[in-house]
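Take a look at the structure set out below.
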Amino acid sequence: MVWSSNMSSFLLILLILNSTHFSLMANGRPEPDSVEFTKSGDQDVKMMMRGLIGSRPPRCERVRCRSCGHCEAIQVPTNPQTKLHSPLTTSSSSSSETIHLDYTRGDDSTNYKPMSWKCKCGNSIYNP
């Protein structure tokens, strides 16, 4: 009788330990050889591409680009514009002049050169 009681206790403890083992199993990333990995692999690539910093090149498929045959997306520097208010103007007159800056550093605090995407078709450059 003692043997069956000990055996029952042992089996009960073993059953409890095994059931908690499966419920507490870590669910990490799937292994590369598994079927789950190939299904979620495409979604991971899409999510990673969305998280990249910066802009994407445009699709240069407009009417302008069809005439030359080969059209490609390129990055070109933009010309920043700064509006300066004349010190002689009063608050009632709001005249301002626009000055084009060719990548001058100004206060020597930055060397930022903004770039934008354009479509290049032969020797011509178009807005996308």
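FYI, residue positions are counted from 1 along the chain as it appears here.
Glycine too: its Cβ is placed from the backbone N, Cα and C atoms.
The annotation compositional bias 'Polar residues' is assigned in Swiss-Prot to 79-90. The annotation disulfide bond is assigned in Swiss-Prot to C60-C119, C65-C71, C68-C121. According to Swiss-Prot, the feature region 'Disordered' maps to 79-100. Among the features that Swiss-Prot reports, signal peptide is placed at 1-28.
In this structure the C-alpha atoms belonging to C60 (disulfide bond) and C71 (disulfide bond) are separated by 6 Å. Counting other CB atoms no more than 10 Å from each candidate's CB, the disulfide-bonded residues C68, C71 peak at C71. Distance noted between the C-alpha atoms of C68 (disulfide bond) and C119 (disulfide bond) is 12 Å.
Its own atom aside, the Cβ of C119 (disulfide bond) has 21 Cβ atoms within 10 angstroms in the protein chains shown. Of all Cβ atoms in the protein chains displayed, 20 besides its own lie within 10 Å of the Cβ of C60 (disulfide bond).
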